[in-house]
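Reading through the structure tokens given below for one structure.
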Amino acid sequence: MTERRIIHIDMDYFFAQVEMRDNPKLKGKPVIVGGKASSRGVVSTASYEARKYGVHSAMPMSQAHKLCPNGYFVTSNFGAYRETSAQIMSIFRSYTDKVEPMSLDEAYLDITELVRPDLPASKIAQYIRKDILEQTHLTASAGVSYNKFLAKLASGMNKPDGLTVIDYQNVHDILMTLDIGDFPGVGKASKKVMHDNGIFNGRDLYEKTEFELIRLFGKRGRGLYNKARGIDHSEVKSSRVRKSVGTERTFATDVNDDEEILRKVWELSGKTAERLNKLQKSAKTVTVKIKTYQFETLSKQMSLRDSVSSEEDIYNIAYLLYNDLKDPDVPIRLIGVTVGNLEQSTYKNMTIYDFI
């Protein structure tokens, strides 16, 4: 039986990162997302600079202001977060359909079928993080292991912008020394019960019998007993049916030079064709999307009589669509190429290994 390989990707201080990307003046500043300092709301996300002052998620905004009076308080922009999240999930699904999103900024990926001797799971995780950085200009932390629990644990061990692998060689040492509050799923209430019963780290938890843990925590006790041993049989659950394939890029600076933009369209057409080939699919619609320097999003789609899957065919259609969309006087900051209305190809295509 092939050993499972699971990746857990967790974006670093996601909302704050998006705000700093879209407003470079905030970079390196203590950014607190959630609302005005005087509001009655709570903190959604705080940058690492703000966390140094003790600010954290779910804290009342008024308290955050007391701790960090010179912080940059930003109202949540969920439209931007959802749009960026969709980009990230699209990247995940370009590698595997076995993706289980847990929120806008984290997901599990089962990449068992992609792993081979010269392409370990850690390298695939590196490729994914690189794609996220190139396409969204955001960093992500990744955890790699043989089950979901350990992958999630690993993703939080070297934040921000980290990659951690937990395998059979190091799992025991990691779990035995882990503070009980750092076990995924152990909140404040559970932590207090643990402390009241002499459980302060993974070793203390490991030494409790299953019966003792069930007595303390009910049905959850069995799960805690297994976690102390690094056991988790839960599957990556994905019910999504792929409807489209695409990729997009944000330029380092706003661009209105056709030659530079069309070079990027060619590159994106190639990436999209590669992903179609991996899936052994062809497409009957092509869409080009641009975002102007004023953050206005424009798109144009063409439906086709015959399906396409090659780089050249996709580019030729994308070229026409871009020419319909462009305004020589309006620079753009992002361009994307997406194909949809997918159908099964009638010939054998490349696999992921042909283009990783």
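Each residue, glycine too, has its Cβ placed from N, Cα and C.
Taken straight from Swiss-Prot:
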type     : residues      : note
ACT_SITE : Glu106        : active site
BINDING  : Asp10, Asp105 : Mg(2+) binding site
DOMAIN   : 6-187         : domain 'UmuC'
SITE     : Phe15         : site 'Substrate discrimination'
Task = Provide the three-state secondary structure of Glu106 (active site) computed with DSSP.
result = strand
Query = Is Asp10 (Mg(2+) binding site) helix, strand or coil when read with DSSP?
reply = strand
Request  = Can you tell which of Asp105, Glu106 has the least company, meaning the fewest other C-beta atoms within 10 angstroms of its C-beta, among these recorded positions?
outcome  = Glu106
Task = Please work out the mean pLDDT for the residues of the domain 'UmuC' (6-187).
result = 93
